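For reference, the structure is listed below as structure tokens.
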Amino acid sequence: MQLEAIPGVGAKTAAALRELDDPAATVESGDVAAIARAPGVNEARAARIARGAIRRRHDDDGRVLATDRARELYRAAIDLLRERTVTDYAAKRLETFYPSASASRIAEAQAFATDAIAREPDPAVREALADCAPLSDPPTVRVRDRCLATADAETLARAEAEVPELSVETVEDARDVSELGRSYASVIVLDESFAGLDVEGDVSVRPDALDTPAETVPERLLAFFAENRERLEAAAAVHEAAAAAGDPVSGGDGDADPPVDLDRLRDALSRLDDDGTIAGDAELDRLTAAVDDLDAAVSTAASVADDRLREAIRERDVTIEGTDFLSLVEQGARVDSLLDRELADEYDAAVDAAREHLADALRLEPEEAELAERVFGGDPSFPVDHDESAVSRLRTELSAARDRRAAKLKADLASDLGDLREPVERLVRDALELDVELAIARFARDFDCAMPEVVDPESSDRGFRIEGGRSPLLDVDFAAVEPVDYAVSGATLLSGVNSGGKTSTLDLVALVVVLAQMGMPVPAESATVERFEEIHYYAKSQGTLDAGAFEATLRDFGDLVDGADGRLVLVDELESITEPGASAKIIAGILEALDDQDATAVFVSHLAREIRDAADFDVAVDGIEAAGLVDGELRVNRSPKKGHLARSTPELIVEKLADDRGGEFYGDLLEKF
Ligand SMILES: Nc1ncnc2c1ncn2[C@@H]1O[C@H](COP(=O)(O)OP(=O)(O)OP(=O)(O)O)[C@@H](O)[C@H]1O
């Protein structure tokens, strides 16, 4: 796929996306986190790219949201969904849902949402999701004791690109390799031509080394798992909590089991330290501690011997002369011969004690203890001397054993983790996707939603029909929102008392249509919506416009009536842009043009009667009717009544005065309405 073919992806972004493992598949997957791994692509941008890829796939030019107010309603819809996510991932991923005019896109999103709303949001899953996040790539680890070697320039370039963790050295012959063997603990030669090479040290010829990175640089896998430990544990917890709640995260292929054996994953993670080294191996811990503690243990072992010897000497020389002798000795008089002659047994016992202490303190194995024995037991001396070269040999032995052990464990663990590398991507992605689904499920539950029917513009069921629609955008508690039934097909005027809920009805219609074309459930008992090409929603203008602004607005409407078919036009009190007489004529003219185009339009207006009179077709008028004034408060039936011009608030008040007070004045006034 040409990445540049995606709307909104230019050459620079395409180049960044090409850095991904499988750019086309990643972009198509809609996985915002995976797309955001491309250099310089943040998650918001990744969501736009994913949306662009969806558009391209459905051949959808995405012009549905045609005005600012329509875009505001989309934002409001997205916010209601996003508020119900736990993870940043899900919040961003929801942005890939947009109102589409493409039947296939809507069907695809509806299938996702239908599965989502069947889910049972569970508090334990929500809690587990809190620590969930997309996997991240740790910074490249540098491994300094191993190198790759090759005689071939091309292999060199490939090795440098693919294994940035290791130095790649050029070699020409066995001598070069042997030299490298002295500088590095291990050398991996990449060229077949070196097969059968016999040089000293840990040198291997492995032409496939670049294809088996888990063996060549186990550190890479270990660093990845160490870096992502918490995310992996969180994802595992999400899978477990969901399964315990009886609503398992599907493995993507309908399989209820997680894509990874979670016990195996946990076992592998328990063998890994946060810095990517091996944890929890007693033998490695012993060897590491032995190397670290060696000097200190030699020195305490020497003191143990000294103490014993001091005691022995003191016991021999219980007399005053003996003590004098001791202080003399400690001032540096030579005692070798004396120790040798008089205290040979005691000296041997002290040396044995030192050796024993050293072996015990460092928890040495028998063959290591043999080496350790040589540390003590040279020429007799007091204080007891130790042999530094024997210490050094012991250190070399222990360090080599430690490194061998670590390398083996790393290789073993990397081979275990290698199998998990791919599946954990799915483990985490499925957990994060679950958050997207649960947000939709919560939205549907919180606002008593239903899946709408989105019908073809060619069908006989044009326009929209909403039953029991309750807007979550009102300034009242959702529980107090009264249900609204409203259906419109064609160009219609909506009349009604002040504060009757006309603007709220337009908002409800826009929200339901936007959500329906996003493929989402809508806050209504049921809804059928035409698949509109464009949604034009104009909010109420703030007062009369000056001549310039008025002209601009008129031009907007001129363009609107000139445009394509399949539009929903929602306009709130357009009359306020200019004086009432002119407004009525203008609105009548716009309605006529929209009616000609079979557009679906709802114009909220207080001038419904005047507009109807000015129009040269039979404009439909609906009305939000007040049942009357009760204690100075309007009692409103929020569902517009079809084919009914609602009485205005002033009319209702005059009627009330005529009823309450009687008299000619109010009666005459009432007749004028
Ligand atoms: N369906 C509803 N359920 C409960 N309350 C509602 C409903 N619709 C509207 N309201 C309440 O009525 C108030 C006024 O609604 P809205 O602004 O939509 O009326 P309006 O008819 O457009 O008013 P105006 O004639 O002043 O433009 C809202 O702020 C809300 O508190």
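Quick reminder: no glycine exception, Cβ is built from N, Cα and C everywhere.
Just so you know, TrEMBL annotations never went through curation; they're auto-generated.
As recorded in TrEMBL, the features of this protein are as follows:
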- G496, V497, N498, S499, G500, G501, K502, T503: ATP binding site (BINDING)
- 489-673: domain 'DNA mismatch repair proteins mutS family' (DOMAIN)
Within the chain of S499 (ATP binding site), which residues six or more apart in sequence place their C-beta under 8 angstroms from its C-beta?
L634, V636
Chain-internal residues near G496 (ATP binding site), provided their CB is under 8 angstroms and they sit 6+ positions away:
K502, V604, G623, I624, E625, P640, A646
Fewest other C-beta atoms within 10 angstroms of its own C-beta: which of the binding-site residues N498, T503 fits that?
N498
Taking a cut-off of under 6 Å between Cβ and any atom of ligand 1, tell me which of the binding-site residues V497, N498, G500, G501, T503 pass.
N498, G500, G501, T503
Could you name the residues, excluding G496, V497, N498, S499, G500, G501, K502, T503, of the same chain that surround the ATP site, i.e. Cβ within 8 Å of the Cβ centre of those residues, in sequence order?
S504, I624, V636
Near G501 (ATP binding site), which residues of its own chain have a C-beta under 8 A away, given they sit six or more steps off in sequence?
V484, I624, V636, R638
Output, ordered by sequence, the same-chain residues six or more apart from V497 (ATP binding site) with a CB under 8 Å from its CB, or 'none'.
I624, E625, A626, L634, V636, A646, R647, S648, T649, L652
If you count Cβ atoms within 10 Å of the Cβ of K502 (ATP binding site), leaving out that atom itself, what do you get?
26
Suppose we draw a 10 Å sphere around the Cβ of G500 (ATP binding site). How many other Cβ atoms does it contain, all chains included?
24
